[in-house]
């Protein structure tokens, strides 16, 4: 078998323009995307500046598959923008295209034969290095820029995903579970998992409208709860709020009382934000039902399947199974299915899973002074995020070795004085081949790559700011 020395490919990402995304003028996703798409770093008009740039996708999901091109097929020009004219279809650089208004821009390469689908390269890598074809890209890497809270949502476990997919449930677009991990790229807030009953009771005692929503019977059960039956109480609470509420003005009463308090904790801040954006949606009350968490840049948490959550503000990097299964119950203009959400909550209760659902924060492992690994310890998590950070005036080399598993990469911070090269040691059949010299990698802000396993990246940062790359991989 002839050995191919190329072990890094440039990926052309896909952008999602969901309405909760930060507008281009302040969106990290736009800043990353503008480099690779050849767009102005500053939006050229108010129309573009106000267009939401919510998510940058790096992966191979059928709804938005990425393509790869040769590493050196284009070189960024001096100002850091792509000199190529390969951009989104007409309108994205000047005004939003039709597809953008529906929640997705066109990928950088349309169906004109340019580029190769990422899954093809992934499969070829398996044959080239290990003599067996991979099934496809199992993970999906995203960058999110959030200006408005996302929907209150839940992702199915493997068995439920298979069943609902077979039943053609409208919110289930593939047959996979969707556990996910988020790494903050700025101050980042979210609601995640059912909080301790004692905390919910405290908010009910502080705010009578919230107590009225819960009802006397459930509130009494919460006060008298023992851990053995708490799952049933949580299920009854969620069912009461999601399916049995007749009043909508009670949210207005609740938020009015919250605003009258002189000081607000994070949950009270979040409930005000939710009300500002979504009015009297009953799911505004879930700021007092779910854990409200704030994490800083470099901190991370993991969300298992069947856990209610909503991201509310900030920027993050997200890694998950290659799935887009989302079932919503509120805080959205999209279709909701509260009965399906309750079905997934009930699954957790029937399994006897632990309640409350504490936030699963991830403490990264320091592999070196410049490389960390975020690796959730959950049986359904089969992925990890690596961070590679090189400070100003430093030269760092690191071998990215993860067995037979490759990496999806995105550069989120860099400067014009960064030089990147790579070398590799790969097995081609029974013969080991080592690159004789280092190969240069043209890089810039927002560049995304497919990286073979067992590749050494060499970064010379001669600038005055950090170089930061995140890498997603299987475990």
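Each Cβ is built from the backbone N, Cα and C atoms, and glycine gets one as well.
Remember, it's a predicted structure, so these values are computed and weren't measured experimentally.
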Site-mate of 153, 155, 180 for Zn(2+) in TrEMBL, selected among 35, 309, 358, 370: 309
Annotated range (TrEMBL: region 'Disordered') out of 11-33, 57-79, 80-102: 80-102
Around the Cβ of residue 155 (Zn(2+) binding site), the count of other Cβ atoms that are within 10 Å: 28
Fewest other Cβ within 10 angstroms of its own Cβ, chosen from the recorded positions 309, 328: 328
Other C-beta atoms that fall within 10 angstroms of the C-beta of residue 153 (Zn(2+) binding site): 23
Euclidean distance between Cα atoms of residue 328 (active site) and residue 153 (Zn(2+) binding site), Å: 4
Tally of residues which DSSP labels helix, strand or coil - the domain 'Phosphomannose isomerase type I catalytic' (8-72): 17 helix, 20 strand, 28 coil
For the domain 'Phosphomannose isomerase type I catalytic' (114-197), residues assigned helix / strand / coil by DSSP: 23 helix, 25 strand, 36 coil
Residue 155 (Zn(2+) binding site) to residue 328 (active site) - Cα separation in whole Å: 9
Cα-Cα distance linking residue 328 (active site) and residue 180 (Zn(2+) binding site), given in Å to the nearest integer: 16
